[in-house]
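Participant: For reference, the structure I am asking about is given below.
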Amino acid sequence: MLSGLVIVDKPQGWTSHDVVGRMRRLAGTRKVGHAGTLDPMATGVLVLGINKATRLLTYIVGTSKTYTATIRLGETTITDDAEGEVTEARTAAHITDDAVAVGVAALTGPIQQVPSSVSAIKVNGERSYARVRSGEEVKLAARPVTIHRFDVHSITRIDGGRVVDVDVTVECSSGTYIRALARDLGNALGIGGHLTALRRTQVGPYSLDQARTLEELAEELEVLEMSLAARSLMPNRELSEQETTEISFGRRIAAGPGAGTPDAATAEKPAAAFAPSGELVALLADTGSFAKPVLVFAPGTGTGTGTGQAK
């Protein structure tokens, strides 16, 4: 059974669910999921899991993300991006490069961010975007996010400065809305702002260099095999034959070298355990002097398919 990750370069106009549906047909299985939604207008890295690899997705969702984006200052939209109608316009002619830099700096580091109201966040069981589209005014609670990097690459004045386009790179924690960053930068400058372009270039350890378009995947389905996917995602632990046998049957073994330290493997941040053959056997968490399996992938005594890239 084919199992592994597929790194897709999502096309503009497709929902993440659309891409999952396409991959189900390409892989010949219903068991396909993704590790974090991309808005339809956005392009770039969308990590999919096939069959057993869907169990890795929960550990990818919480990783940092990197984006390139264009923020338009001087116009506010109902969706905080170019998909929505412009609700307010103010001239950006007086906005200097230094003012943009100050605004960006204030939005870098740990911040409290109010998500865009047109989002998939549920309010009393209903998606926020559905409430907004029905005419309801939705106010979402702020949540903590971290903007690790917010770099300005270029500032372009259009129509004599009526609007200003700012090209940026953002590296951020999971749960950050780049649309909300655009909105907040515009609001801080007193002229409003929204997102006009967004491309995700990295999700955790998986980058755009590894991504393939749906057309390329239709010609050759390139799958990152489970062992390789886990090795790049989390700390590794190499097992002996005896340890492999114990873990394969759900039994505990001696804790890893990081036990009792901040580097200890936990259920939320486990270590990937590999048989001598290189096969991914399980994900482990250290509890006291023992390590126990959080997930077991491979039954048996340590023989396996090794590592490699399945196609």
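Numbers here mean position along the shown chain, with the first residue as 1.
Cβ atoms here come from the backbone N, Cα and C positions, even for glycine.
Computed from a predicted structure; not experimentally measured.
OK, Swiss-Prot features for this one:
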type	residues	note
ACT_SITE	ASP39	active site, nucleophile
COMPBIAS	254-268	compositional bias 'Low complexity'
REGION	237-268	region 'Disordered'
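Distances, neighbours, how buried they are, the whole picture for these features please.
Facilitator: A C-beta separation below 8 Å, combined with a sequence spacing of at least six in one chain, links ASP39 (active site, nucleophile) to ASP81, GLU83, ARG179, LEU198.
Counted with DSSP, the compositional bias 'Low complexity' (254-268) comes out as 0 helix, 1 strand, 14 coil.
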